[in-house]
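First comes the structure, then the notes that go with it.
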């Protein structure tokens, strides 16, 4: 992990200048240092030549054929009209930007975009906040309780997505689901036969529960791993200076774990934004298209309505949005590499 | 202080219970007789039965789904390990032109929007007559897990001190021998955690197989899971039995690898 002490410099001066400075000069803990790769120059140049290219060739070629080609083809397709007829004749019709203008003019498209964005933000916020809090809790527990909680996290993490979608559908089944029973038992009325999949909104609420449940283990366990790399002196120093828990978090923990927070957040944004199986298998984008997010919308436009060109345009726009998000991520990583 | 400890442990226990509940409920439901599944108030005490498992595994082509899933998953993981090992070694240990570009490309590929590209993958597969093929799925899953595998292994290779390798070179090994004798044995945890990640990704994959393999003979377990839910209602007992069976290999591997796996996964993933 790249979360070792590099952040200490910028952080703690207000709290404990001496100690913080001392901390930052100590070498990073052995477990965290995987970045030692500057071999002596002489040997490298002699060994240069073709060998590295032969070694990377299989990876590069397979990514070019199986990933880059579909991406390019996707862009080309988005400028064509390929419907049921063209699919059979295999003669696409070039339509320029028609697919795009149709989408951009379509209020339904914007509804889906907005829904996707809100859905992603809500999920990522919940995942990051709950996951980090559980990570902090893990760090403060005794050995036994920590084992219990990590095992539970591991179980939730290891559940295959498709299996967990079916389980959540069962938990929230209209007639026999345990969720309705719990709510009834707690005295809430109206859950006699409450149909959780009746509206797009409540369908997405269930999807959110599922995604948050399945994603917090990653964040929590990482957070815990990151916390263990922060030396206890920093906490002690903060304590001596009279910082409370909240203050300690913002002055000691957060700056130290900034790379962790940044990278995990972006990974989660991308994962949630692209989530397909969870949304599609839950209610197939229904009822009445009301739980469609961008990937599901593209899939249904293509496979359901046989409008492949239009579907390609949707996915190109989705990818453009992803790249916009990713550019932050890459800038961050590049900056981090330079700092090291 | 006491109260704090109680709150802390109590909170942890509560969170653990909430996290485990869906898994527990899946397992419990899978063992319930049909009559006790379809009750308005859930039954907590029941005589376990394997009826649901018999039903879930008794569907046509069950063993075909199992074999297909295993072929596709293991195939993708093995190929990606071999291809990634070579690339990761070059990136971690050699200097060459275009190295930076390659690193950037791999980082971008790690975020590849496969879920968004299903339609175009379908069209390419259809035009090339690659539909309903296990080979196509294996190839796609291989490329899905490849960037992550390269990335993680690169980290593990970089963590092996160069001096060890150089000592082997001085002792008369060539580069390949030095790699096999010195680095490879030290990569065990890296290989395990990357295979686990690859296994989960391929085992779970749903969108591609849903769209590419419409013929039942070529489908995999994720589609088998959805089979018990029809327009006429769902057979929840069988669905839960199927889900349990489907999750079992992953849960077992996770339990087996535990901390090591998590450490490796997080090292690779958070390194970014």
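Note that Cβ sites are derived from N, Cα and C of the backbone, with glycine treated the same way.
In TrEMBL, annotation is done automatically, which means it is predicted and not curated.
As annotated by TrEMBL, region 'Disordered' applies to A:1-43.
For A:50-72 (among others), the entry in TrEMBL reads transmembrane segment.
Among the features that TrEMBL reports, transmembrane segment is placed at A:112-138 (among others). Tertiary proximity for the transmembrane segment (A:112-138) is limited to same-chain residues at least six positions away from its ends with a CB under 8 Å from its CB atoms, namely 146, 149-150, 153, 200, 204, 207-208, 211-212, 215-224, 226-227, 249, 253, 261, 264-265, 268-269, 272-273, 292-294, 297, 321.
TrEMBL lists A:113-329 with the feature domain 'ABC transmembrane type-1'.
Within its own chain, the transmembrane segment (A:147-172) is flanked in space by residues 134, 137-138, 141, 178-180, 196-197, 206, 209-210, 213-214, 216-218, 220-221, 224, 277-278, 281-282, which lie at least six positions past its ends and keep a Cβ under 8 Å from the stretch. If you look up TrEMBL, you'll see A:147-172 (among others) marked as transmembrane segment.
Packing against the transmembrane segment (A:201-225) from elsewhere in the chain are residues 1, 3, 115, 119, 122-123, 126-128, 130-132, 134-136, 138-139, 150, 153-154, 156-157, 159, 161, 164-165, 168-169, 172, 257, 260, 264, 268, 271-272, 275, 278-279, 282-283, 286-287, 290-291: each is 6 or more residues past its ends and has a CB under 8 Å from a CB in it. What TrEMBL lists as transmembrane segment is A:201-225 (among others).
Summarising the annotation, TrEMBL assigns transmembrane segment to A:260-281 (among others).
According to TrEMBL, the feature transmembrane segment maps to A:305-330 (among others).
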Within the same chain, the residues 6 or more beyond the ends of the transmembrane segment (A:305-330) and with Cβ under 8 Å of it are 71, 74-75, 77-84, 86-87, 92, 95, 99-100, 102-103, 109, 113, 262-263, 266, 269-270, 273-274, 294-295, 297-299
